[in-house]
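Have a look at the structure below, then the notes.
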Amino acid sequence: MRWPVPPLGYLLLGGQGLLLTFSLISSQNNTSPVTYPDINVSAAPEPRDPLGPLVLCSYLPEEFVECDDPVDHMGNGTAQQELRYGCKKFGGQAYGDVEHTQVMCRALDGIECDGSRSFLRGNRPCIKYTGHYFITTLLYSFFLGCFGVDRFCLGHTGTAVGKLLTWGGLGIWWFVDLILLITGGLMPSDNSNWCTIY
């Protein structure tokens, strides 16, 4: 009795599945460790002369230091724990939803201070602004929403093209997007927050 021979297409599909599985397994085993600069954040340097005119660099006022933007770990909690600062996620609608972190700061050139010139400071919110204004997007959605201009503005290009080709879903998609925008369900695609107008 002979075994039935499966069709060639099934054999090729099974071979591709095995190849994909082995390549995914091998890529997981070939990760390289991430190296971060060694920064001593726990111990403050001892001042050389406590009666001298120099203050610790970490005590300088805001106008004499420049600080980096919060580090984006893109959801990697391990990297955040190793570095001991940075943001796992950006943005949020309410204050409780927004993470806070310390940022790396440096004393400006020409400022004399005691101790390390690079230090961690502050409790900065993990928020980024990329030029999206709520009122502008709301006006786009109200007047030009049937052409998908609001979705193009927010960076949702795929759905914007669909909205454009269907004329806003014959008005239904236009109305739904207007409600989503007002209730906070439609945000910029890069997870940034709305810019505030002062």
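Just so it is clear, glycine is given a Cβ too, placed from its N, Cα and C backbone atoms.
Worth saying up front: this structure is predicted, and the values here are computed from it rather than measured.
Features of the protein shown, as given by Swiss-Prot:
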DOMAIN    131-179  domain 'TM2'
CARBOHYD  Asn29  N-linked glycosylation site
CARBOHYD  Asn40  N-linked glycosylation site
CARBOHYD  Asn76  N-linked glycosylation site
SIGNAL    1-27  signal peptide
TOPO_DOM  28-128  topological domain 'Extracellular'
TOPO_DOM  150-166  topological domain 'Cytoplasmic'
TOPO_DOM  188-198  topological domain 'Extracellular'
What else in the chain is close to the topological domain 'Extracellular' (188-198), if you only count residues 6 or more beyond its ends and a Cβ gap under 8 Å?
89-92, 127-135, 154-156
I want to verify one value. Collapsing DSSP to three states, which class is Asn76 (N-linked glycosylation site)?
coil
I'd like to know the mean pLDDT over the topological domain 'Extracellular' (188-198).
82
The domain 'TM2' (131-179): DSSP-derived helix, strand, coil residue counts:
41 helix, 3 strand, 5 coil
